[in-house]
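Written out below as structure tokens is the structure these notes cover.
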């Protein structure tokens, strides 16, 4: 059987890995629109979390299997359509993730100084489409909308001492911009309360221990939570207790302050505030603050809903980053898509009403969870493919040409795919440039330059 996987992030690679491991004869081709593989492992994981990127070693092993081939620089839906892939393969798995961001839907969100978290993360991580972002970091106060791990990542990158970032694979240009940054205060704002935050304890602890930045949490936000947290699941309980402990600790009044040194950087969590409007500066040319509706919670736990109380408050800031989630986009008119939920309708990864078409990862279940969640989810989809092969649901009697057919289509459209060995040349160039600067790698952010390195 010939199987093709669209997308080379964790969902794509884990799906391929599982099929290859549990079917001794399957051939798997992975298509990726960028010349470089690994999706959000390369472009989403924070530069100062190198250990999370170790899964790249596993993915590289999969790509080196003689039954697996990687084709980068191929945009499915444009260079080759999904029906064309279905002609070439017995099964097609869509694992292309979420390449858009949810919008706030409030006045002023398009003002200069307001950025989606996805674009900001893409900028410091070298995602080609965000390389020219040039965020304005000339203000003192930044405000991040959202209480998830991505929001904490951004806050940490904004407030980290430069000597910590210099040793990471953060891009050269974003490091230069952060070196000139005036930001010294970051607020993370959420619509709900401390019991509903979506970040994890590891990320919170890292933020609390960030050198040169002090946490500002209001003890009043945590009154009465001791009893509520008693019955919570252990991770939620530990997370809430850490926030409470941090809120109640009197900050060690910096000896530096006595010596008249500059005040340290700071960050804080604000709860039960929902953004109503981004406020423009007097000349209307940039953001000067944000108006928040104060909310009260109806219900409890994860199901609690934030209801506006009628009261509002304004917060001053010169930079707004909206970290309220990613969104998948439809890829091809031939593929059913639930635009309300931003997913491909499926059951256990089998796309509804289209036999032989599957999906895994964020486009299957929505943009939530960490790499391990995606791994389990992809194994689940791969299992569906294997069952359908075993039970004869997928007819493999007609032989399919796989890439042979696709290659002709791509050639007729002037598209030249990039192979995994090409990526390894780009990788070597990045590592060499990084070594010269004392970093693990210096990412190449321009696809044209990537293609030049491999002589395309």
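Cβ atoms are placed via backbone N, Cα and C, with glycine included.
Taken from TrEMBL, the feature FAD binding site applies to 11, 32, 40, 76, 362, 369, 370, 371.
For residue 191 (NADP(+) binding site), the same-chain residues 6+ apart in sequence whose C-beta sits under 8 angstroms from its C-beta are 272, 273, 274, 295, 306. What TrEMBL lists as NADP(+) binding site is 147, 148, 149, 150, 191, 192, 203, 369.
Annotated domain 'FAD/NAD(P)-binding' per TrEMBL: 2-158, in sequence order.
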What is the separation, in Å, between the Cα atoms of residue 40 (FAD binding site) and residue 150 (NADP(+) binding site)?
12
Starting from each candidate's C-beta and looking 10 angstroms out, tell me which of the binding-site residues 148, 369 has the most other C-beta atoms.
148
Candidate with sparsest Cβ neighbourhood (10 Å radius) among 40, 76, 150, 370, 371, the listed binding-site residues
370
Other C-beta atoms that fall within 10 angstroms of the C-beta of residue 362 (FAD binding site)
29
Determine the minimum-neighbour residue: among 32, 203, listed as binding-site residues, which Cβ has the fewest other Cβ atoms within 10 angstroms?
203
Min neighbour Cβ count (10 Å) across binding-site residues 11, 147, 149 flags 149
Taking only the binding-site residues 149, 192, 203, which one has a CA atom nearest to the CA atom of residue 370 (FAD binding site)?
149
Given the model, what does the mean pLDDT over the domain 'FAD/NAD(P)-binding' (2-158) come out as?
97
